[in-house]
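Peer 1: Supplied in structure tokens, the structure appears directly below.
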Amino acid sequence: MANTPHGGELKDLHARDSHKHDALLAESETLPSIVLTDRQLCDLELIMNGGFSPLEGFLTEKDYKSVVSNLRLSSGILFSMPITLDVSEEDISTLSLSPDSRVTLRDPRNDLPLAILTIDDIYEPDKHFEAVNVFGSDDKAHPGVKYLFENAKQYYLGGNVDAISEPIHYDYRAHRFSPSELRAYFKKLNWTRVVAFQTRNPMHRAHRELTVRAARQRQANVLIHPVVGLTKPGDIDHYTRVRVYQALMPKYPNGMAALSLLPLAMRMGGPREAVWHAIIRKNFGATHFIIGRDHAGPGKNSKGEDFYGPYDAQHLVNQYKNELHIEVVPFQMVTYIPDSDEYLPIDEVPSGTRTLNISGTELRRRLRTGGHIPEWFSYPEVVKVLRETHPPRSKQGFTLFLTGFYNSGKKAIGKALQVKLNEQGGRSVSLLLGETVRHELSSELGFSRKDRDQNIARIGFVSAELTKAGAAVIAAPIAPFAEARAHARTQVEQYGSFYLIHVATPLEYCIETDRKGIYKRAQSGEIKGFTGVDDPYEEPTDADLVCDISKQSVSEVCHQIVLLLEKDGCIGER
């Protein structure tokens, strides 16, 4: 039978509150509303379906302080991660929030009411104390710490919730199981021993071998239970990962494994997070849980040191094994033995045996360059999915962002580049000239610092969307401020390469060759806030290429840019 829920009872609030659904729904429309953040949405879903049992709501101050200080609720039950609902002082005032009042919690995607919170208390946390105790550091290089200080609001609301509706998911619904549903599934299949595998990354042959070995050694079945809520910034998106898991499932012996998605917002809290993950898997019915090396670790701190030791998570979970009542399966890294064509745990490999492995960095390089990924490392079906989402650079979009004074030559270079890239073919080419964007996208904006930044943000957004679609983008605004240019780079680099081209033609030359007389009008005061005359231009210190039309022809500059693209593999063989 499935494992006993943490605390002895599965807190399925949907089942508990179903008899008063209509009354709660009607009441929700009469109450003030909080629109949840993405993290709060994940937390509420797992509170309501019992994934966070024994919780029935967000932590009160008493429970919060106990969890942060002692890894326990005030009742004494083990619980390692503070589950809190953060609000601002403005929220409290505007919504008239106070102890004993009720407030509707709404889905940020569709504004539907999900639950009603009865507020027990409103309290201001000591975020430094929380960071140091929960994450072991207040270093903002840790994503959990960064979120706490930069995203979480000033106050927390504590109290239990009444469940109205489950959040609606439109993706992979066949693989989304609540704890009650998964327990029923195990019972139907007569699965009495279940090894759960936590992952936020794609899976390859080594992961399949690891999970199969764990199941065989313990005469159990395998639950692949990946996180599809919030993970570490920069992780592969969950759509790609789930397609990978779907491709991998047929590789397990028939009837051995099942796939279920977990809508969890990870904190990357290392040892504490491992205890939390074990509690969650116990609530979903698993009897065993695989904990790997540096489980839920965020990487290195601002000094270049690992936040957690490689086996800290295993040690902390083992410390509480008598309370968790879920058997920990230590992750044994497996490696490929080419001479016998098999995977073995690294501690079982005889000394001197030849082994092969491909690191995550090397895998990303091969995906980026289109390099060969051998079948001993990953299944062709998995590689196909990864290549579809992460094509080599020659098939990815990119943005060339030209910045410089008015009449510096950006427009001429941009038009010439558009012709050169169209001549090569293979992808669409979009040209976003400064005056065109001003006319079509930003006609209501002026030339204040705020409006200029907003204009560049719009160019960055459009460039990012086109880059994501595989296009070549040539953007040529003045873009006088470094912060706005950096923001545009960040927007684009989520999806492809960004090249900052500083067209560093001297201002004197730009004025001298200005046939339209724009500079003359600005110098006479007819045009106000003109870059280079009465408004500043911050010269880039991070340009990928610097050129000067007073010394180079447009053709020479275009050739330099094409060579830069060819060097990086963005153009050339496709």
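Placed from the backbone N, Cα and C atoms, the Cβ positions cover glycine too.
Sharing the features that TrEMBL gives for it:
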REGION    1-170  region 'N-terminal'
DOMAIN    4-165  domain 'ATP-sulfurylase PUA-like'
DOMAIN    175-388  domain 'Sulphate adenylyltransferase catalytic'
BINDING   Q198, T199, R200, N201, G292, R293, D294, H295, V334  ATP binding site
BINDING   Q198, R200, A296  sulfate binding site
ACT_SITE  T199  active site
ACT_SITE  R200  active site
ACT_SITE  N201  active site
SITE      H204  site 'Transition state stabilizer'
SITE      H207  site 'Transition state stabilizer'
SITE      F331  site 'Induces change in substrate recognition on ATP binding'
REGION    396-574  region 'Allosteric regulation domain'
DOMAIN    396-548  domain 'APS kinase'
BINDING   E435, T436, V437, R438, K516  3'-phosphoadenylyl sulfate binding site
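Mind running through what each feature is packed against?
Peer 2: Using a 10 Å radius centred on the Cβ of D294 (ATP binding site) and all shown protein chains, the other Cβ atoms total 19.
All protein chains included, T199 (active site) registers 19 other Cβ atoms within 10 Å of its own Cβ.
Around N201 (active site), a 10 Å sphere centred on its CB holds 15 further CB atoms from the protein chains shown.
The Cβ of H204 (site 'Transition state stabilizer') has 20 neighbouring Cβ atoms from other residues within 10 Å, across all protein chains displayed.
With a cut-off of 8 Å between CB atoms and residues at least 6 apart in sequence, the same chain places F197, T199, L248 near H207 (site 'Transition state stabilizer'), listed in sequence order.
Around F331 (site 'Induces change in substrate recognition on ATP binding'), the C-beta neighbours below 8 angstroms that are at least 6 residues distant in the chain are L210, I290, I291, G292, R293, H295, Q314.
Note on the region 'Allosteric regulation domain' (396-574): mean pLDDT across this stretch is 92.
Note: R438 (3'-phosphoadenylyl sulfate binding site) has non-local neighbours L445, N455, i.e. same-chain residues 6+ apart with C-beta under 8 A of its own C-beta.
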Peer 1: In the structure shown, which of the binding-site residues R200, K516 has the fewest other Cβ atoms within 10 Å?
Peer 2: K516
Peer 1: If you count other Cβ atoms within 10 Å of each one's Cβ, which of the binding-site residues Q198, G292, E435 has the most?
Peer 2: Q198
Peer 1: Would you find the one among the binding-site residues A296, V334, V437 whose Cβ has the most company, meaning other Cβ atoms within 10 Å?
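Peer 2: Max Cβ neighbours within 10 Å, all protein chains included: A296.
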Peer 1: Quick one: largest C-alpha distance among E435, T436, V437, R438, K516, binding 3'-phosphoadenylyl sulfate per the record, in angstrom?
Peer 2: 20
Peer 1: Taking only the residues the record lists as binding sulfate, namely Q198, R200, A296, what is the largest Cα to Cα distance between any two of them, in Å to the nearest whole number?
Peer 2: 9
Peer 1: How big is the Cα-to-Cα gap, in Å, between V437 (3'-phosphoadenylyl sulfate binding site) and N201 (active site)?
Peer 2: 39
Peer 1: Please report the distance from the Cα of T436 (3'-phosphoadenylyl sulfate binding site) to the Cα of N201 (active site), rounded to the nearest angstrom.
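Peer 2: Here the two Cα atoms are 42 Å apart.
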Peer 1: Filter the recorded positions N201, H204, V334, E435, K516 down to those whose C-alpha lies within 10 angstroms of the C-alpha of A296 (sulfate binding site); answer none if the list is empty.
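Peer 2: For A296 (sulfate binding site), the recorded positions whose Cα atoms are within 10 Å come to none.
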